[in-house]
Amino acid sequence: MSHACDVCRRRFNYTSMLKLHYRSHTGEKPFRCVFCVKSFSHEAHLIVHCRIHHQREPYVCELGSNTFLEKSYLEQHSMLHKDEKKYKAKVNLKRQKTTQTSEGPHRSEICEKPFIQKGDLNVHYRSHTKEMAYSCKECGKTFTSKSNFVTHEKIHRNERNYVCEICKKAFIQKHHLDAHHLIHTQEKPHVCVICNKAFSKKITLTYHYRVHTKERPYSCDVCGKAFSRRSILNVHYRIHTKERPYACDVCGSAFLRKSELNTHYLTHTKEKPHSCEVCGKEFSQKGKLNLHYLTHTKEKPHSCEVCGKAYSRKSHLNRHYLTHTKEKPHSCEVCGKAYSRKSHLNRHYLTHTKDKC
């Protein structure tokens, strides 16, 4: 049974999803950040905001939209739902404390950024002074945090004390092993409260939430382009620096990403590790195998919004759109003649080479 929105008629499988959707019409933002004054319509958006901008998560009441700085405040508030009259005085006291500490009692004298813990403030000061208290003797890398430094040293010692009992793969940190175990169990305990998509790792869910919030906290200081992950930004920088750190030791070709190098190696080894379960045909890349499966299922998930014609590949649909727009993006550098398809342009180039012969 589906539930329809009275305003736009959009339908939802669950009433809870419909209630969340209504906020897009009413503008209601009941989830307020206890660290700053920003408000959000979804609890998930609030949590992502706090992780990125305040480096910690608030405690959110499951029965309402109230948020708290400390777990003890939430526990105290929870009693309100059990016996509102009995605990009313305590809750008012809690709210007074929350107001007093909402921005954190420890503030940076340089940039005025607030912190809950004094230790966090001390670590923050190093970002201004560029003080790096811990330096690796092996590679020279420096750290402000002792725990990060100790973890880094284990990389050089190849110290991997956490071993998977199933496949014997070893890890430096326990939480890496815990995340790895989910590969074997196929467990996905981290669920998106907006679209119900599940993930095996909590960090992957955090990245996923940015699809909904459209938040891109990492921006390139060269061109201004913004990204949802720092790792993607780091790869993007290589476009500006022309850096290609992953080089093929067979032919010397260099690549931006390691995944691109691994795919390239298959051209030398002729290896095709991905095989079709239906006909046995083998492919070098998993993406090509997925496209091949569509030939068996006859599925055509990409349809034209103009005429309704459907295609198995998005690239084929994009090419089809040119028949409606009459656009010809591929032009001849010799005579200027334009074509809708690159293959037609390549065929046209032969007419120029024949003339020269």
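The backbone N, Cα and C atoms fix where each Cβ goes, glycine too.
Database features, via TrEMBL:
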- 3-30: domain 'C2H2-type' (DOMAIN)
- 31-58: domain 'C2H2-type' (DOMAIN)
- 59-86: domain 'C2H2-type' (DOMAIN)
- 106-133: domain 'C2H2-type' (DOMAIN)
- 134-161: domain 'C2H2-type' (DOMAIN)
- 162-189: domain 'C2H2-type' (DOMAIN)
- 190-217: domain 'C2H2-type' (DOMAIN)
- 218-245: domain 'C2H2-type' (DOMAIN)
- 246-273: domain 'C2H2-type' (DOMAIN)
- 274-301: domain 'C2H2-type' (DOMAIN)
- 302-329: domain 'C2H2-type' (DOMAIN)
- 330-357: domain 'C2H2-type' (DOMAIN)
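Same-chain residues lying 6 or more positions outside the domain 'C2H2-type' (218-245) and placing a CB less than 8 Å from one of its CB atoms are 207, 210-211, 254-257. Taking Cβ pairs closer than 8 Å, the domain 'C2H2-type' (274-301) reaches residues 263, 266-267, 310-313 in its own chain, all 6 or more past its ends. Here the domain 'C2H2-type' (302-329) has Cβ contacts under 8 Å with residues 291, 294-295, 338-341 of the same chain, all six or more residues outside its ends. Taken together, the residues in the domain 'C2H2-type' (246-273) have a mean pLDDT of 83 on the 0 to 100 scale. Assigned with DSSP, the residues of the domain 'C2H2-type' (162-189) fall into helix, strand and coil as follows: 12 helix, 4 strand, 12 coil.
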